Amino acid sequence: MLPDTLRWNDKTKQLEILDQRRLPREVSYLRCSTVEDVARAIETMAVRGAPAIGIAAAYGVVLTNPMTHDALKESLSRLARTRPTAVNLFWALNRMEKVAEGTKEALLGERLLTEARQIHFEDIEINRRIGINGAKLLPDTSIVITHCNAGALATGGYGTALGIIRAAKEQGKNIKVYVDETRPVLQGARLTAWELFQDGVDVTLICDSMAPFVMKKEKIHGVIVGADRVARNGDVANKIGTYGLAVAAKYHGVPFIVAAPVSTIDPACLEGDKIPIEIRKAEEIRKLPGGMEVPEEIPVWNPAFDVTPKELVTAIVTERGVLYPPFEEAIARLFA
Ligand code: MRU
């Protein structure tokens, strides 16, 4: 049984966040009592993954104190400044803002908590549907590659990309998964490998640079990844390294499958170049395994995400069905 990624404690009125920085060594929770606690947990990646960030932020809004319309504005703006790329954050904050509009101050706390819970539990249901829709794309015996963590840990539960793997396994399919370790924060090695192993999935960890060679050596039935934001034309922002994986998949004729809830599609964003890419601290790259460090004088560039052009994407699996190229038209129909 996997620990919950996020849980609201009704007694203490705290948001309990599974501290993913400590996984897999330790399962422990951060107890957040203020908006600032939640904002810092998102910034430092104690909670991460596009849907989970959105859900955490929604609960974060509930911690506004005093619960007034003015204070709420501050909370929304603080939480919106945490991480720029995953659109689910802004989508969830918009939902919270809409609920607050026109609600009397005395009722704000209760209404906002109900909405945060709704966003949380809807997400699990959405992931199950993504799983069922995506599992159809996998043959009964499949070998797949995944990158980063788009699992239960990155969502309200079940996962998007890993939801497809879970659903396929639940249907009795025989699935083997190669997991990229995902430098520099190692979400693949620390989170995905652990998450899938706990669920009894046949999992093998590889370094990011090994994925193309795996595609050359073995019949791979799909690369399955999550997304932080999908532009209106179908370009996909996801964890750094996804683009290279998509290029290798194209070369080897491997289907490149993106799993994402509709809330990850940003119809206001015309193309991938317009997606804001978070640049994170150099120390994430400087700190090497075994306690070694790259000297401070050496410049480092640490973009947390890249953009995979739509031409490299075979399918986008959502809770409302599977989108195929031309994505611009498929996405327009979805939002029509
Ligand atoms: O920096 P992270 O760990 O928040 O990045 C996470 C990813 O890139 C995931 O693939 C994406 O958010 C989808 S999670 C369902």
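Glycine is no exception: its Cβ is also placed from the backbone N, Cα and C atoms.
Keep in mind that what you see is a predicted model, and the values were worked out from it rather than measured.
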Among Arg7, Arg78, Arg81, Arg83, indicate the single residue that TrEMBL lists for the substrate site containing Arg48, Gly49, Ala50, Gln187, Asn238, Lys239.
Arg83
Distance check against Cys148 (site 'Transition state stabilizer') for the recorded positions Arg48, Ala50, Arg83, Asp228, Asn238, Lys239, keeping those with Cα within 10 Å:
Asn238, Lys239
Can you list, in sequence order, the residues of the same chain other than Arg48, Gly49, Ala50, Arg83, Gln187, Asn238, Lys239 whose CB lies within 8 Å of the CB centroid of the substrate site?
Ile53, Ala86, Cys148, Asn149, Ala150, Ala154, Gly226, Asp228, Ala304, Phe305
Taking Arg48, Gly49, Ala50, Arg83, Gln187, Asn238, Lys239 as the record's substrate-binding set, what's the max Cα pairwise distance in Å, rounded to a whole number?
17
Counting across all protein chains shown, how many other Cβ atoms sit within 10 Å of the Cβ of Lys239 (substrate binding site)?
27
Starting from Asp228 (active site, proton donor), work out which of the binding-site residues listed here (Gly49, Arg83, Gln187, Lys239) have their Cα within 10 Å, and give them in sequence order.
Gly49, Lys239
